[in-house]
Each structure stands twice: as C-alpha cells, then as structure tokens.
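Feature annotations, reproduced from Swiss-Prot:
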ACT_SITE  HIS145  active site, proton donor/acceptor
ACT_SITE  LYS149  active site, proton donor
BINDING   GLY9, PHE10, LYS11, GLY12, LYS13, MET14, GLY89, THR90, THR91, ALA115, PRO116, ASN117, PHE118  NAD(+) binding site
BINDING   HIS146, GLY155, THR156  (S)-2,3,4,5-tetrahydrodipicolinate binding site
Amino acid sequence: MGIKIIIAGFKGKMGQAAYKMVTEDPELELVGLLDPFTDEKEVAGVPVFNAKEELAGLEAHVWVDFTTPKVAYDNTRFALEQGFCPVVGTTGFTPEQLEELITLSREKQLGGLIAPNFALGAVLLMQFAAQAAKYFPNVEIIELHHDQKKDAPSGTAIKTAELISQVRPSKQQGAADEEESIAGARGAYFDGMRIHSVRLPGLVAHQEVIFGSQGEGLTLRHDSYDRASFMTGVNLAIKEVVKRSELVYGLEHLL
C-alpha cells in the first residue's frame, strides 16, 4: 500500500510541483487537495477541499504544506491532531511555534518536518557555511528570490545564520562607528552578521554566503533554477517522516 498524501496549497507553484511529483511516484497515493480559493471539486479523481476542517477523518499518512506563513502554523497543528505526519515547506514559524509543534508531535508519536529549503544543494550549503564559519567568522548572507515571495529574509537565510551563530562567538562586523545614510543599507542584523534580501522577477531561489578574512575571501553559493529542484527533498521527507516519531526542523535531520 502506498503512502497516502494530502497537499495543502496545491494551486501554488510549489504545490503544483509537489502534485506532479506525488502523482508520478508509484509509492505515493494522492488522496486529498486543499486550497481555499479554488472552485474545483476534484482533480483527476482526487477530491479538493476549501477548508482544512473538511479533511478531518480522511485516511492519510502525510500532510504536505506549501501554503502561506499566515496559515501554516494552524495547518501543521491540525495535521498533527488528525494523525497526519506534516511535511512543511512554508516558512515564517516563530521559535515558540516550532517548540509547540515539536512537543505536540512527541505527544502524538508522529514524525514530521518543517524545512526552510528542500533542495539538497541548499542543505549542503548551510552545512558547508557552518563549517567555514569556524575559520572565517566574518560573514554576510545574500538571499535572492522571486518578487512574489512574502517573507524576508528567507527561512533558508535565517537557518544558515542560526547554524553559523552556533559555531562562532557573536561579534560586531564592520566599522564600530559606521552610519547608514539610508536606513537598512547594511541589511538585517542577526547576531553580529548581516542578511540581505533581493526580490526580482525571473529569480527562483538563490543564496550566497560570503566570508572575509585577511587577504582572502570565500563565497559559497547555491542556485535553484526550477522548483523541481525541491522535489527530491520533498519526496525523501515524505518517505522518512512516516518512520519517525518526532517533528524536526531542517531537512539535514533526515539525511
């Protein structure tokens, strides 16, 4: 029997990519689609729902969520309460919300994943950045995304900064007396480092982590040119979370 999947936010670009991936994998079975704004009642024989409450009692194993930060927390909590293992690519969770969801997953003995990025290359970039920061503590992050992305900085950039801050002491970068002639010119502040967000049409998801030291520099970069790049990670996550009994934050915990 295949793993039964619900996709929330299936009308969005990531949701459409997830739909294609799930329907093309013989080990997965799509049993429900959720989108509050569609008039469709079914797609290729799969029922479509407008409200998550309509999915209560549906026989499913995994809830794949590519919605919006505004509803992702409530969706993930609902999924766990219904016995679905959540695989969530929506960003914008607070540390308190993550802790609440992890606690709930332990109570329910359900695996799950919230990941700022499902591209394996992006996960490796974050790991490489954490390694480099031990030797190059002066660092800035530039993340670049399409102009319809709602949150800034990206979840990937924040996760990268968190990993870096775990391996280097907090430090002030730049001149001690620097001044911004235009507010925000130096980017967002995170534990001594700066994060810069770019939003332009034509982009998908890109990130640079730039390290500087005496007489040398190191730049790490990852590019997602197509949303298909995320689906390898989503597929892996779906097949892994059903074996687990706790929600984790970051795809690296499933690799």
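The chain as shown is numbered from 1 upward.
Cβ atoms here come from the backbone N, Cα and C positions, even for glycine.
Features per Swiss-Prot, on structure.
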| residue | record | Cβ contacts under 8 Å, 6 or more apart |
| --- | --- | --- |
| GLY9 | NAD(+) binding site | GLY15, LEU34, ASP35, ASP65, PHE66, THR67, THR68, THR90 |
| LYS11 | NAD(+) binding site | ASP35, PHE37, THR38 |
| LYS13 | NAD(+) binding site | ARG227 |
| GLY89 | NAD(+) binding site | MET14, VAL64, ASP65, PHE66, ALA115, PHE118, PHE230, VAL234 |
| THR91 | NAD(+) binding site | PRO69, ALA72, PRO116, ASP151, SER154, GLY155 |
| HIS145 | active site, proton donor/acceptor | SER154, SER197, VAL198, ARG199, LEU203, VAL204, ALA205, HIS206 |
| LYS149 | active site, proton donor | ARG199 |
Residues satisfying Cβ distance under 8 Å from HIS146 ((S)-2,3,4,5-tetrahydrodipicolinate binding site), sequence separation of at least 6: ARG199, LEU200, PRO201, GLY202, LEU203, VAL204, ALA205
Winner by Cβ contact number (other Cβ atoms within 10 Å) across the binding-site residues PRO116, GLY155: PRO116
Same chain, 6+ residues apart, C-beta under 8 Å of the C-beta of THR156 ((S)-2,3,4,5-tetrahydrodipicolinate binding site), given in sequence order: PRO116, ASN117, ALA122, MET126, GLU143, ALA205, GLN207
Three-state secondary structure, which DSSP defines for the residue listed as 'active site, proton donor/acceptor': strand
Remaining residues near the recorded (S)-2,3,4,5-tetrahydrodipicolinate site, that is with C-beta within 8 Å of the centroid of the site residues HIS146, GLY155, THR156: THR91, PRO116, ASN117, GLU143, HIS145, LYS149, ASP151, SER154, ALA157, ALA205, GLN207
Farthest-apart CA atoms of GLY9, PHE10, LYS11, GLY12, LYS13, MET14, GLY89, THR90, THR91, ALA115, PRO116, ASN117, PHE118, residues recorded for NAD(+), distance in Å: 20
Secondary structure at GLY89 (NAD(+) binding site), reduced by DSSP to three states: coil
For PHE118 (NAD(+) binding site), the three-state class that DSSP assigns: coil
